[in-house]
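Working notes for the structure below.
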């Protein structure tokens with residue numbers, strides 16, 4: 001049976017096209033982050049965007065940094081911490097990672113000497129360094145894979161803001177640790193030998209310096225609007241609008257570009273609808289949609305997505321959940337499998 005959907009009427013005064021086509025046209029983009037409040041449709045948006053990018057780019061990687069990891073559910077395909085090809089594509093890959101778990105893997109792969117434990121304690125004394133170093137390991141791994149575009153399906157807003165602060169945290173922390181190399185490296189090597197440990201601190205500091213160089217490069221790329229952008233996803237409610245505004249202000253402080261917003265789950269009752277709840281909900285949504293346009297209408301591409309009567313799962317459904325062609329009043333989206 002074909003699915004039905006109430007869809008958004010065409011509002012007046014779009015200063016910029018209500019479409020993410022601009023992201024496909026910007027060939028220089030390397031990093032695209034998708035984020036927002038929990039439950040607003042970040043994963044569906046990031047998956048759909050990655051599919052559209054795969055049609056115009058040589059290779060695309062979709063990464064989930066949300067510990068909940070919904071990519072596997074969205075594509076109905078199991079993904080892990082290594083990049084795997086998405087079924088039905090030759091150039092789209094996906095992986096699910098947890099920065100803090102990545103750091104734990106790095107610790108467990110080290111030796112068991114007392115010196116190693118001491119250096120871990122020294123490093124972990126820096127606030128946020130555990131997740132940040134996990135982030136660095138992920139970035140180092142991702143950069144080695146040479147994808148032309150990388151889409152991040154991020155965790156809810158608070159986690160995302162912390163994630164985006166990692167490059168700055170790491171740059172400062174690794175700079176301090178690397179500075180210890182010249183001052184205390186020989187002495188720490190001697191102590192390590194006395195303790196019977198086989199750790200060569202010069203090798204450790206070389207690894208830290210190498211990691212710092214990667215993070216410094218990534219940090220510079222994140223602040224370059226030609227290479228990086230962030231796409232907030234929201235629903236037309238007070239809390240979501242408030243959190244989106246807070247997110248955009250934080251992104252501005254981090255000097256991360258943002259010029260697209262996806263407003264998801266919009267409900268527009270048909271003219272002959274007898275559903276009182278639908279009409280009440282529609283009125284509420286219109287209030288906050290209007291506020292969103294007042295805040296962002298002149299400078300942002302605001303993409304309006306309808307509330308669908310079916311959940312978007314599987315590659316076929318994700319391909320139909322387009323963010324490129326603006327929805328028209330009365331348009332029905334059929335997410336059922338092709339016969």
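The backbone N, Cα and C atoms fix where each Cβ goes, glycine too.
Among the features that Swiss-Prot reports, ATP binding site is placed at 37, 38, 39, 40, 41, 42, 43, 44, 237, 264. Residues or ranges marked as active site by Swiss-Prot: 66. If you look up Swiss-Prot, you'll see 275, 278 marked as Zn(2+) binding site.
Everything Swiss-Prot records as a feature, shown here on the structure.
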| residue | record | DSSP class |
| --- | --- | --- |
| 37 | ATP binding site | coil |
| 43 | ATP binding site | helix |
| 66 | active site | coil |
| 237 | ATP binding site | coil |
| 275 | Zn(2+) binding site | coil |
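In the structure shown, across all protein chains, 66 is the one of the recorded positions 66, 237 with the greatest number of other Cβ atoms within 10 Å. With every protein chain in view, the residue among the binding-site residues 275, 278 whose Cβ has the most Cβ partners within 10 Å turns out to be 278.
Separation of the C-alpha atoms of residue 39 (ATP binding site) and the residue listed as 'active site': 12 Å, rounded to the nearest whole number. Each of the binding-site residues 39, 41 was scored by other CB atoms within 10 A of its CB, and the lowest score goes to 39. The maximum pairwise C-alpha distance among 37, 38, 39, 40, 41, 42, 43, 44, 237, 264, the residues recorded as binding ATP, is 19 Å.
Counting only residues at least six positions away in the same chain, the Cβ atoms of 156, 157, 234, 235, 239, 240, 243, 244 sit under 8 Å from the Cβ of residue 37 (ATP binding site).
Nearest by CA distance to residue 275 (Zn(2+) binding site), out of the recorded positions 41, 43, 66, 237, is 237.
Within 10 Å of the C-beta of residue 43 (ATP binding site) there are 24 other C-beta atoms, taking all protein chains into account. Cα spacing between residue 278 (Zn(2+) binding site) and residue 237 (ATP binding site): 15 Å, rounded to the nearest whole number. Across the structure, residue 41 (ATP binding site) and residue 66 (active site) place their CA atoms 13 angstrom apart.
In this structure the alpha carbons, written CA, of residue 66 (active site) and residue 43 (ATP binding site) are 10 Å apart.
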